[in-house]
């Protein structure tokens with residue numbers, strides 16, 4: 001065993017949570033089932049997806065600190081009515097702040113629109129004072145794309161007013177110039193399923209995505225609409241995320257294995273070859289990755305109370321100390337590094353959403369000296385853009401502008417702009433020779449050329465809009481592939497489960513469309529006891545008065561995930577609040593006669609759902625079995641280990 005310990009400046013970093021009076025309480029977090037971080041931050045404000053019955057809204061609040069009280073005499077406990085960003089007609093799914101203007105935020109919603117907002121500081125004055133009236137935020141620009149719901153929005157890291165948005169359904173990432181939002185400047189296609197996350201490289205020349213089809217894609221947006229690299233990602237279908245590791249030609253992803261293990265993987269962007277994969281644990285919550293420019297990667301799992309951190313060095317990830325808490329987080333974001341409290345040796349700050357609270361957590365490196373610690377505070381991305389939107393779309397490339405956290409001086413980044421990847425050759429074409437491996441030289445020693453934008457500018461590529469005929473062919477091909485994928489998944493479910501379950505006894509005649517059936521039966525060990533899940537089932541008409549609401553969600557209290565028919569006898573009040581909004585009286589059901597004998601009772605699925613798949617499943621903590629109904633065409637195999645409740 002080696003007696004040497006690897007030297008690290010961040011070995012003793014620890015998380016310092018704020019006092020209760022410095023947190024923001026009484027927030028109403030959105031109950032949308034969409035997999036999102038729920039919160040985003042600029043140097044001045046945070047945006048939080050808000051729970052509201054009047055369309056899609058989100059809250060804009062001043063940033064809190066773990067070291068001092070809130071600014072503007074802002075109350076730590078919010079009043080019942082506060083100013084909100086109203087403009088979407090359906091739930092807000094994602095928000096992102098401009099890296100060059102701390103008052104500009106973009107939001108994407110289920111209504112298929114992207115809205116741009118500008119925050120006026122005066123709206124936070126006199127909060128809670130006598131005769132104070134909340135004044136809602138209004139959007140300053142509206143972007144209407146395909147009409148499908150917008151799952152992610154992400155600003156460009158070097159060019160001002162360039163925004164990426166992804167849509168659910170057509171698998172397209174669109175790039176917009178906010179000065180001209182009539183149509184997208186670039187559309188990136190090729191995803192065969194729902195896009196799960198986006199990330200830019202530091203120069204904004206490349207964009208990486210993860211998708212529900214288990215693929216990682218790398219795009220050079222100005223070279224064409226198709227991915228230049230496609231690789232296999234995590235084997236599990238649930239919640240994969242991707243983040244670019246700063247100036248390194250590496251990306252990190254989080255996801256799940258086939259056995260539902262949570263994983264962290266490192267990839268080489270030149271080939272999308274896997275460098276290493278680390279198994280983290282067996283929990284069911286999606287892991288949110290966050291990269292810090294001091295080469296530290298933070299991982300926060302939904303439903304966890306802890307935050308893991310790793311230091312990246314030479315394709316190795318070294319574990320640092322872990323922040324632990326008993327409060328499970330529903331969402332999280334990190335503050336831009338230029339806004340950190342360097343006098344407190346704070347190298348990163350997280351904003352954790354749990355229950356009805358936003359809690360700031362500062363990650364601190366303990367130092368005795370009060371002087372600026374240059375070794376733990378490298379220059380951070382500044383608020384000055386390197387390019388305009390027009391320059392970037394025309395083909396110019398430039399590194400980020402960095403700000404010295406001690407003096408405030410701004411300079412261009414010292415690392416060289418990476419080369420643009422060429423598309424992979426077809427089998428008929430000869431493969432290009434491999435790129436020469438650069439010598440390991442300190443990035444600070446690499447001089448910038450006199451005119452970096454010109455010297456490193458790729459040849460601008462004119463991306464022709466596809467014809468209507470090409471669009472029709474692509475749509476037909478996508479529909480065919482999606483149909484084949486659904487059929488294959490259904491066959492796999494049938495082969496895995498293997499036993500045919502007889503139909504329910506004395507079935508009434510259904511009035512609506514026949515409910516499709518899926519699967520057979522299965523036995524699982526749940527909390528130490530064998531549990532049978534009879535399948536297939538048919539949703540049958542019944543006069544039951546109980547209401548259930550099919551929706552995909554993650555319960556903050558019991559951590560149940562999946563498409564579930566709600567039972568009023570479930571003691572979890574959080575589940576009830578989640579299901580109180582999405583659908584009204586769309587499904588009635590009856591529990592089975594006995595959870596021990598598993599004799600089925602009828603259930604009813606409303607015809608307003610259209611064709612559905614229904615099957616009964618045992619919910620351990622209620623000791624009863626209910627019909628689970630999901631839209632036909634989306635086959636979900638529920639892992640009962642994730643349905644447990646201690």
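One-based numbering along the chain as shown.
Cβ atoms here come from the backbone N, Cα and C positions, even for glycine.
All annotation found in TrEMBL is predicted automatically rather than curated by experts.
What you see is a predicted model, and the numbers here were worked out from it, not measured in a lab.
Under the heading compositional bias 'Pro residues', TrEMBL lists 426-452.
Within the domain 'DUF1899' (3-67), the DSSP-based counts of helix, strand and coil residues read 3 helix, 23 strand, 39 coil. What TrEMBL records for 3-67 is domain 'DUF1899'.
Residues annotated as region 'Disordered' in TrEMBL: 426-470.
Under the heading repeat 'WD', TrEMBL lists 85-123 (among others). In terms of DSSP helix, strand and coil, the repeat 'WD' (85-123) has 3 helix, 22 strand, 14 coil.
According to TrEMBL, the feature repeat 'WD' maps to 188-229 (among others).
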Per-region confidence, the repeat 'WD' (85-123) (mean pLDDT, whole number): 94
